[in-house]
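One structure is given below, represented as structure tokens, and several questions about it will come after.
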Amino acid sequence: MGSFQLEDFVAGWIGGVASVIVGYPLDTVKTRLQAGVGYSNTFNCIRMVYKRERVFGFFKGMSFPLASIAIYNSVVFGVFSNTQRFLSKCRCGEPEAGTGRSLSDLLLASMLTGVVSVGLGGPVELIKIRLQMQTQPFREASHGLKSRAVAAYQGPVHCIATIVQMEGLTGLYRGASAMLLRDIPGYCFYFIPYVFLSEWITPEACTGPSPYAAWLAGGIAGAISWGTATPMDVVKSRIQADGVYLNKYRGVMDCISQSYRQEGFKVFFRGITVNAVRGFPMSAAMFLGYELSLKALRGEHTVRSE
């Protein structure tokens, strides 16, 4: 079998659908905490969203991510798996052998995946955050404007059209620099722990990660990745939410400077609890869906007798 495998992309898409459904409500809470105002903690945010918008508020803007993030995850997992396999083949000529994997292969594949993810996922994240934040009172204290919470977009298509009309095509990549600084190390902390944890948990008789290993290792990797990515995720969320009603930040460093000056160092860890908590079930569903789909597509079983 060649080093390129289409099954990785298909399995990544299936896993992506599972992760969006499981993780979206907490993703909304995370975004509101990081870029909204009036929330003292995670539970207060959940209570306020439910009080104001009921259950629907937690799924605001979900239709676009459900369609787009599934494709995004398909590309992420397809790029990572095929790049890692290619690097392994170049290094030792045995892409399918269990001994062909190395930390350097995983690191390079993860970093490349982080770069690719921004190119495809930047507009997806922007639209998602704009839709999640449009009914929130915006951070306007330094501008002397009256706080308001009026829907600016009628839906994903209207949101895209409005951004392109107001800011041009480059407006769809607002926050791309912050996303790069989040995703390149973020995917290293995502895929590398998963690979080593799943191999450690899975019995030797198994040809690949067992369902339990995929679920547990995926959940732990997700919690680690999202926990460590929180500071730059805060910056990215603020830059991307900026522009719904006004433009406050001139770039990554300006956002960091203003956020620190107004709210202190702790602001960069806002939402770390919900990030880590949602990271576990979301990534557990992602990796479990990916591994089970991959085995089904290849007609493999978890265990083979020797």
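Quick reminder: no glycine exception, Cβ is built from N, Cα and C everywhere.
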Choose the correct range: of 57-80, 273-296, which one does TrEMBL annotate as transmembrane segment? Give that range.
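It is 57-80 that TrEMBL describes as transmembrane segment.
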Which residue counts does DSSP yield for the repeat 'Solcar' (3-86) in the helix, strand and coil classes, in that order?
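Helix, strand, coil within the repeat 'Solcar' (3-86): 70 helix, 0 strand, 14 coil.
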By DSSP, how many residues in the repeat 'Solcar' (209-296) are helix, how many strand, and how many coil?
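Once the DSSP states are binned, the repeat 'Solcar' (209-296) shows 73 helix, 0 strand, 15 coil.
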